[in-house]
Amino acid sequence: MSDFDPLTFDPENIDPEELAELAGEEKDSDNLESARTSLDDIAPEHRVPEGFRSGFVAIVGRPNVGKSTLVNALVGRKVVITSDRPETTRRDIRAIMTRPDSQLVLVDTPGIHRPRTLLGRRLDDMVDESLSEVDAVCFLLPADQKIGPGDERILRKLQDQFARTKEEPTSPRYWRKPVICVVTKIDQLSKKKLVDKLIEVDQFGHFSEIVAVSALEGDNTDEVAKVLINAVPEGPKMYPDDVLTEESAEQTIAELIREAFLEELNDELPHSLAVVVDDIVKPEPGETDENGNPAKAHVYVSLYVERDSQKPIIIGRKAKNLVYVKKRVRTAVNRAVGMRSSLDLHVKLARDWQSDPRALNRFGF
């Protein structure tokens, strides 16, 4: 039998003997029908146009340069929380961008910086691990900020992992994998200053390609997508078209709640907050509440702070902050759970958890 290629396989035109062989059975009408039905079920997952591209792209940069905003713009829907505060992203979050000719898994990484806590060191290690698994890298530099020591540190990290040391930085062969620089927040600069910035960026990194974008305004995000698609190899579709993220319902809800607190509270406190969804309890089919309405799911959440003095700040006067957060995330939580839900928030103490290895393990870091 000829070699089986799932990318070009067409169950409608397959030879019956080949179909029987694929099914592991002799030529038999019942077995053939069973095999055809089974293959019909999986065939759509593999049917992609010739030249279809797929791969993993790491989104890297200093804290608060717009990584999550760019990911959301590329996917076309909010799948990653955003905030003006640095260090918003605490995990590698994988968002899936699917187009007729391609599928990219965008790995939104924590901002790379000099770590001050055990949590920071673990996040830095997480970035290194992500970089080892991707097909291309998207390095973000903000147009409205000077290239600084933090950017130089990231460039050295990328060079250590992806540069060919025997090649000159200006050589097309310098990078073993495509390293694309996306200059963000271009709406903050005049055209002349933007040109000067792009020249500076080119001299700084000698990147595979440079693209300027304002993800917040939607300017040039299609060009970013085009460049990233061309940077990954041809390959099969990895996820169904309607899947936008690998995040579980628990992870999504925890991030939504943390985002709400980031917006509501001031300065450093949100970074002392860890959110853990302990359980999601769904009602039995047909179960109703005391008023005869369909019963809600119950979502139990623990909010961990590092000091006792932080508890009243999280709770707020007369529980104002807890009430605000519940209202803020209600619709999104219902969507994540798949039904109407009630949110049960409990504030707890995990002293100095950002430097406590046992606490970090428990919280999934």
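We count from 1, first residue shown onward.
Just so you know, glycine gets a Cβ as well, placed from its N, Cα and C.
Annotated by TrEMBL as region 'G3', the relevant range among 108-111, 164-167, 220-223 is 108-111. Among the residue ranges 87-91, 282-286, 307-311, the one that TrEMBL annotates as region 'G2' is 87-91.
Residues 184-187 are the range that TrEMBL records as region 'G4', among 12-15, 36-39, 184-187, 268-271. Mean per-residue pLDDT, taken over the region 'G1' (61-68), amounts to 83.
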